[in-house]
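Undergrad: Feature list, courtesy of TrEMBL:
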DOMAIN    B:69-289  domain 'ABC transmembrane type-1'
TRANSMEM  B:7-28  transmembrane segment
TRANSMEM  B:72-91  transmembrane segment
TRANSMEM  B:103-126  transmembrane segment
TRANSMEM  B:160-185  transmembrane segment
TRANSMEM  B:216-236  transmembrane segment
TRANSMEM  B:271-292  transmembrane segment
């Protein structure tokens, strides 16, 4: 009797495996980071995956990679760790170089015709292309623009957002408030919205007419007047005009609480996703803030822009299914859903032309700011290491030594140029 | 081998296996990497060349790395010294019999329930110059005229800086409960008759502490010092989360340096060499501990 029971159990289990096996073959693993509100993001992906499953019968198993560990996760994946079939990635160049032709991001040139590449912003496509290979769908933009407190501006007699660096200095001086003991109560200016010091330098350097490297990603090009102008601007805002907080260059700095509390009046390069966050998380701020296009530097008004892309991972046995899934996501309606859930600008003009991206003044501004977009990705595998905003990072150390330690600028730039070239030669 | 021995080996085997797989193997592998040119960006093209001591030479020639070693020692000595001193004091108090002892014990032990990452985030907020409620209270009370830049002031007195002292304070706050528990257990194992004898000999509070408590706590203190020093040399979370090693590298410690070298700059060989330095420092402590213990056993 016992033997019969055991046999029945084994057969039942086997049968269940057999019935689930085909479903397993028709499923793909898909990882993303979280954007905006985690619940909304998860719900949006669930809606998309369910609709896709209903349409194709392919199940998409979605997993979230927390931002706090995503870099380490992708580093591991790029070296041969357990990888999903397809995923939301960034730092395409570093991860591709690390993985070589064995692991990490996988070029999908053969499937390029399945994607409406002509419908994307050209700049966004750069973020999913490396060495001429096409890696996937750029799906989120990260455009930055000026953000300022309209109430503090009005109080200080500043009637509109600064149009150029001189006006930035003027407005920041007017909006900086000091207490009786000389302590600053409100800083007129903050370079960026998080302590990512290198991200702050990038738009200023571009605005001054500089580029970090040659188009082929092999030669460092930072020892020039544009870099001197950008660093002089940063240095002077902190040390000469004293309108920017030197503490902002340290790790624990958080601009958002300071902006909300009225301790920072203007942010030169703020993430556009803040518009969504300020609306939903800080309704008390309604009517007290506004976005504006970046102020122009001596050469242009370039704005920091990045993008994440959805791509396939080497080692996946379900490349075609993944490509179909990504092609499905790249449809305008689905791109809009992703954009709505994430609060990030879309990578297709058609999506940016929808009502969703014009129903608030700040959205109109960030859509306009896309015209100033300059990608933060550069065609060199070591760029992720060069641009790291950590002590020891080449650009970070250069900025820190000039702005905070007030050391010789020419020497700092020259040294950074040499170190950066060493990295590009890696 | 008799049956009892086999039983002992079987019981120890799982722990030994876990230690070898998760502790010994990664350690040996990391040490091997420290002698290789292990660069993630060139790995695919150049592989991992054997370069002997080059990684060690390079990092030891780096001024900031040497500063990081000294900061690690300062951080550890301060954190361990202050924690144990405070632990000894507080353990005596919670060991005494008085009304409300349980409440006091709960309060003193409560920081233990806060994971270091969470503690770092909480204290980061409490100590951030502009938003710090501590600054607000002190300013309102008229005790300070200017905000204290707890985590960003780069002025130093000798090797000491306010950011480093702030992180040491947070580390002590978070790590104190476990020290108290260790010491409390030690205190409770001391026979009361020893104190009574000391009292009969006319010994006061200090004499009882000096001639009874301290000698009797010596084994516990030795274990505690060894564990705390080993933990201190490998400490990561608070320094990384609260300051990232800044300002001006004043709060950098070896674990943070190693993390940055590996995960941010993708140079695993140099990161492994920095890990090798940590291993040497920890080995010195371990050897010292084993020597002291064997000396104690002999005596």
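Cβ coordinates come from backbone N, Cα and C, glycine included.
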Undergrad: In the same chain, who gets a Cβ under 8 Å from the transmembrane segment (B:103-126) while lying at least 6 residues past its ends?
TA: 90, 93-94, 132-134, 151, 166, 170, 173-174, 176-178, 180-181, 237-238, 241-242
Undergrad: State the non-local partners of the transmembrane segment (B:216-236) in its own chain: residues 6+ outside its ends, Cβ under 8 Å from one of its Cβ atoms.
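TA: Answer is 72, 75-77, 79-80, 83-84, 88, 171, 175, 179, 182-183, 185-187, 189-190, 194, 253-256, 259, 278, 281-282, 285-286, 289, 292-293, 296.
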Undergrad: What residues in the same chain, six or more past the boundaries of the transmembrane segment (B:160-185), come closer than 8 Å to it by Cβ-Cβ distance?
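TA: Distant Cβ neighbours of the transmembrane segment (B:160-185) are 71, 74-75, 78-79, 82-84, 86-88, 90-91, 94-95, 108-112, 114, 116, 119-120, 123, 127, 148-154, 217, 220-221, 223-224, 228, 231, 235, 238-239, 242-243, 246-247, 250-251.
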Undergrad: Under an 8 Å Cβ to Cβ limit, what residues of the same chain, 6 or more beyond the ends of the transmembrane segment (B:271-292), are close to it?
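TA: Hits for the transmembrane segment (B:271-292): 27, 30-31, 33-34, 38, 55-56, 58-59, 65, 69, 72-73, 222, 225-226, 229-230, 233-234, 254-255, 257-259, 261-263.
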Undergrad: Mind checking which residues of the chain, 6+ beyond the ends of the transmembrane segment (B:7-28), have their Cβ under 8 Å from one of its Cβ atoms?
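TA: For the transmembrane segment (B:7-28), the far contacts come to 279.
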